[in-house]
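Reading through the structure tokens given below for one structure.
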Amino acid sequence: MNSGTVQYSGVKCSDVNPTVLTDDDYNSKKKRYVKKDGSCNMVMRNGPEEWLLWITDIFTTLVEIRWRVMLLTFALSYILSWLFFGILFWIIALTHGDMKDPNNEPCVYEVRSFTAAFLFSLETQTTIGYGFRGMSENCMIAIIVVTIQDVISVFIDTFVIGIAVAKMASARKRAQTVGFSNCAVINLRDGHLCLTWRVGDFRRNHMVEGTAHAQLVRHLAHSTGKVNITYKDLNIEENNIILATPTTIVHKISPGSPLYKVSLKDLRKENFELVVSFTYTDDCTGILHQTRTSYTSSEILWGQHFQEMIRVTRRNYRVDYALFNHTVKVLVPELSAEEYDLKKCSQQPKHKPLHISSPTAAVELVNGNSLEAEKASSSSAVQEHKL
């Protein structure tokens, strides 16, 4: 496409074959590095002392596990502690002779069987106190065991409450209310090719401050099973955002961008994955959160623009989230940003700089119609002045 008329088209998700190209020129089904919900698509195997790491950081482990597993763990911790100390009280009563001689002054009143010892342990740890069973002054060992049980019960209660509160205030639940658009798009902005995607908060309370970040991940699978993964950061214009309304994140495809030499034809063959994130602070809880997602090359639409979803009324701004993922086709050359810039410079008169202010002007300029491009740009400028 170095000469003649430049072709323009839009790309749909189904137009691209999502495959990973290997060094031996065979295709295999592509695996996501980061899933659409933001979770990493990887499984850890043969980690160093894996079980020890889980136990060492037991608080984080319990926060991350499912609710049913956590509730089962806490129920077992209470039941096993009651059973353990019940066995100790039963052994104390057995060695003291409380089981054999009813007239003997017992260590624990009304504890003359294993069932009574278990009930005494339960009543002590839960502070029920029915009034039938209680400690006596005859056995110091029984008093020490009761004291230890009381201290342990306080630790268990504190641990259970702390884990439950931390799990309910987990950042993952809040992150589910902040979402990205299903696809990213490539279009023209101020005469430059740009990669854009949307982020929005679906709750009424909004973040104090948020920072957008994007990284291009490329992975090449060799026939030997080796996988090379490279990471390149993408420069984002105005990455600090107050997310009161849905915002379009813009990456200008400039000479420093890893997408600078990627055309529409190249995009269909690429095997990269665009990992985007939004880190923010909740204004209600003050907790730091992060929402992530990823876009494969098949989910980047060429020649598309996000449909406007904000309307201004007399009293407020209205946001229609039904249009959050909607895009419309626009005229965008199928050239790479590098080829487009060279074409634009070659067609632009040296004595008079031409400002490209509309997609129509960009189309005429790339097709070699400098005069028509200048007219379209001037017409656009006049319309903007009238508005």
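Backbone N, Cα and C atoms are what each Cβ position is placed from, and that goes for glycine too.
Database features, via TrEMBL:
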type: DOMAIN; residues: 34-170; note: domain 'Potassium channel inwardly rectifying transmembrane'
type: DOMAIN; residues: 179-343; note: domain 'Inward rectifier potassium channel C-terminal'
type: TRANSMEM; residues: 69-93; note: transmembrane segment
type: TRANSMEM; residues: 140-166; note: transmembrane segment
Rounded mean pLDDT for the residues that make up the domain 'Inward rectifier potassium channel C-terminal' (179-343): 87
Secondary structure content, the domain 'Potassium channel inwardly rectifying transmembrane' (34-170) (per DSSP, counts of residues): 86 helix, 6 strand, 45 coil
